[in-house]
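*Asks:* Input: one structure, supplied below.
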Amino acid sequence: MSAEKLCENVYWVGVKDQKLRVFDIIMNTKKGSTYNSYLINDDKVAIIDTVKDGFYDEFLKSIKSVIGDKKVDYIVVQHTELDHSGSMYRLIKEYPEAKVVSSKAANMYLKEIVNDEFNSLDAMEVKELNLGKNTLEFISAPNLHWPDTMFTYNKENNILFTCDVMGCHYCPDGSIKDEGGEDYLPEMRYYFDVIMSPFKKFVNMGLDKIKDLKLDMIAPSHGPVHINDIEESVKLYREWAKEKEPKEKNVQIFYITAYGNTGIMAKHLCEDINKKGVKAEVHEITDMKMEDIVELIADANGVLVGSPTINQDAVRPVWDVLSSVCPIVNRGKAAAAFGSYGWSGEGVPMMMDRLKSLKFKTPDNGLKFKFVPASKEFSEADKFVDDFIGLL
């Protein structure tokens with residue numbers, strides 16, 4: 001791989017990771033990915049974002065193929081996640097006089113990544129840089145998808161460098177200008193759902209900031225650049241970032257059961273909540289896809305999670321659910337745990353602790369009962385429901 005010219009003075013100097021199959025532990029990347037870095041070779045030289053550690057030698061070779069022995073004057077850091085900043089410490093050693101241009105938050109994070117001194121400029125204070133024939137304007141875009149994020153606009157070429165926004169884990173076989181085949185759009189949507197969907201409000205705010213810019217190219221930090229599909233890509237992001245219309249108040253109940261006892265209570269809780277005027281639905285966890293569970297929780301006003309206690313713990317399917325829930329989306333919602341036990345009953349309080357750590361609003365205690373629930377336990381459950389509904 002080598003540098004690729006995008007237009008006069010502007011080059012892609014990123015790297016391709018065609019063998020990547022899992023990103024950030026949580027994403028499947030069957031089409032690989034790219035770590036995009038861009039270089040403006042003008043009177044002054046600017047690099048926009050770097051690449052993941054492990055690809056530095058290839059990255060530096062691409063840089064030098066464009067600028068030779070010229071120095072780099074500016075390193076623009078739009079976002080400090082390690083796939084974009086992992087090689088920063090080596091690049092700064094190569095070009096120690098370069099000024100690092102970033103948001104204040106990014107500068108703070110970089111100090112803990114580079115662990116060395118570097119020259120820096122606050123992008124929001126300088127607002128723009130004149131490189132000679134090219135000007136870079138900086139646009140704050142916080143929480144897309146980190147607090148430090150910003151966009152960079154090359155005014156003369158009408159190129160918007162968007163960091164992760166409108167990016168995609170998709171490694172083209174040829175040019176970085178190749179916009180992909182039929183399999184590209186599903187990967188772009190998957191990327192949005194996993195990375196950007198918790199920040200829909202900020203997606204809309206970011207799109208509002210760029211709506212009046214003339215755009216001939218959108219250059220994200222992953223995947224191909226957008227040239228012929230700019231309008232469509234922006235439109236899709238608007239569509240995907242729409243907040244759902246408020247639904248009827250509802251409680252979603254998810255449970256796992258060993259001998260049926262936690263299931264009996266799950267169904268009783270569902271019936272009682274419905275009787276008291278709030279819509280409730282009950283689901284056996286192992287009958288569902290995780291993405292469907294996550295979506296139901298995101299659309300719910302309240303969540304109940306049930307598990308028996310086995311070997312002093314709740315069982316794994318419940319922990320799988322509780323490790324898939326996004327606190328950014330669900331904080332402040334009502335949630336509680338319930339379940340049957342035989343010996344000591346640690347499962348329910350352990351689930352309650354997890355719900356609290358996810359920023360759910362919880363009652364003081366969950367609902368736990370020994371073995372098979374009967375009239376006494378159902379009466380306690382009805383009081384539990386009253387308290388829970390009060391949190392909605």
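Keep in mind that glycine also has a Cβ here, set from the backbone N, Cα and C atoms.
Pasting the relevant annotations from Swiss-Prot:
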- HIS79, GLU81, HIS145, ASP164: Fe cation 1 binding site (BINDING)
- ASP83, ASP164, HIS222: Fe cation 2 binding site (BINDING)
- 257-261, 337-364: FMN binding site (BINDING)
- 251-389: domain 'Flavodoxin-like' (DOMAIN)
- 32-177: region 'Zinc metallo-hydrolase' (REGION)
*Asks:* Determine the Cβ neighbour count for GLU81 (Fe cation 1 binding site): the number of other Cβ atoms within 10 Å of its Cβ.
*Replies:* 18
*Asks:* Restricting to the same chain and to sequence separations of six or more, state which residues have a Cβ under 8 Å from that of THR362 (FMN binding site).
*Replies:* ALA334, ALA335, ALA336, MET352, LEU355, LYS356, LEU391
*Asks:* Let me check the 10 A CB neighbour count of HIS145 (Fe cation 1 binding site). How many other CB atoms are there?
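*Replies:* Result for HIS145 (Fe cation 1 binding site): 21 other Cβ atoms within 10 Å.
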*Asks:* For the binding-site residues GLY342, GLY347, which one has its C-beta crowded by the most other C-beta atoms within 10 angstroms?
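*Replies:* Going through GLY342, GLY347 one by one, the largest Cβ count within 10 Å is at GLY347.
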*Asks:* Sort out for me which one of ALA337, MET352 has the most neighbouring CB atoms within 10 A, since those are the binding-site residues we care about.
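*Replies:* Of the binding-site residues ALA337, MET352, the highest Cβ count within 10 Å belongs to ALA337.
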*Asks:* Would you mind reading off the Cα separation of GLY347 (FMN binding site) from HIS145 (Fe cation 1 binding site), to the nearest angstrom?
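*Replies:* Counting only the Cα atoms, the answer is 34 Å.
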*Asks:* If I take the alpha carbons of ALA337 (FMN binding site) and GLU81 (Fe cation 1 binding site), what is the distance between them in whole Å?
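*Replies:* Pair distance, Cα basis, whole Å: 35 Å.
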*Asks:* Please name which of the binding-site residues listed here, HIS145, ASP164, THR257, GLY342, SER357, is nearest in space to ASP83 (Fe cation 2 binding site), Cα against Cα.
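*Replies:* Out of the listed candidates, the nearest Cα belongs to ASP164.
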*Asks:* Name the residues of the same chain, 6+ apart in sequence, whose Cβ is under 8 Å from the Cβ of HIS222 (Fe cation 2 binding site)?
*Replies:* SER33, THR34, TYR35, ASN36, ASP83, ASP164, GLY167, CYS168, HIS169, TYR170, TYR191
*Asks:* Around the Fe cation 1 site recorded as HIS79, GLU81, HIS145, ASP164, what other same-chain residues have a C-beta within 8 angstroms of the site's C-beta center?
*Replies:* HIS84, LEU144, TRP146, THR149, CYS163, ILE195, SER221
